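Listed in TrEMBL for this protein:
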- 26-47: transmembrane segment (TRANSMEM)
- 41-287: domain 'G-protein coupled receptors family 1 profile' (DOMAIN)
- 59-78: transmembrane segment (TRANSMEM)
- 98-120: transmembrane segment (TRANSMEM)
- 141-164: transmembrane segment (TRANSMEM)
- 205-225: transmembrane segment (TRANSMEM)
- 237-259: transmembrane segment (TRANSMEM)
- 271-289: transmembrane segment (TRANSMEM)
């Protein structure tokens, strides 16, 4: 693809979250803390699950994959934004902007598919326990994860191709803290109605279809628990509770932005902070605080590390 023919814009300026110097300093401390918690928390989950013999079920395999994706997903936007808040430089080269757009949609979409795979895992565990070992053995789980990566690659390539073909001849100021489809559509010096509709269909179909899978799997789970004892209810809901919380936190804001044409970029920017930075930080906390097996595996890991020193 030859970018030079269609665009004389060589770089974009990201306005970020605020232009007020004092607010920028507060944001710098805040988002640096968020990012460090995200990376540390998710790395801790990956190390704990990888090194524990007890945590070898499909649920933990998916959780480990989700943590890896969360680290990558927040690393696409947060470090550049944090650096911009510190040094005040907010320019991003054209190629860097396109790479950020692709990476953000790639890891975000992988997360969406992984959450759907995790919902299916919970459905099989609760509604078809006798077939669980066969349905959720190593090969089907591996295929689900590979399918998540492949589906996300297809989605983000489509998003990128729709944007990269547009001519950008100035202005080059993006009212956002990272390169995303809606702000870039606004800057293109061409009619972008067709591209805008295609982006909404592409993003909307993925979010809505996976959301339907998620909701229907939980409806089936709740219906199947009708005749269960209180202990059965508690066990089922304790494993599903964390997942439902993450789904609501991620899908709520995400769906509100990508299944409708953008109207208010400043509002979109604030919502994006939620699903791009806060949700990946909360995931490890939600999954560990509600899960005794993960907590005890972490304690074992820490005592082994302390004992070996």
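Here the Cβ of each residue, glycine as well, is placed from N, Cα and C on the backbone.
Caution: TrEMBL annotation is automatic and unverified by curators.
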Residues of the parent chain within Cβ reach of the transmembrane segment (237-259), under 8 Å, 6 or more residues beyond its termini: 59, 108, 111-112, 115, 118-119, 122, 125-126, 182, 199-200, 203-204, 207-208, 211, 214, 218, 221, 268, 271-272, 274-275, 278-279, 282-283, 286-287, 290-291
For the domain 'G-protein coupled receptors family 1 profile' (41-287), mean pLDDT (0 to 100): 86
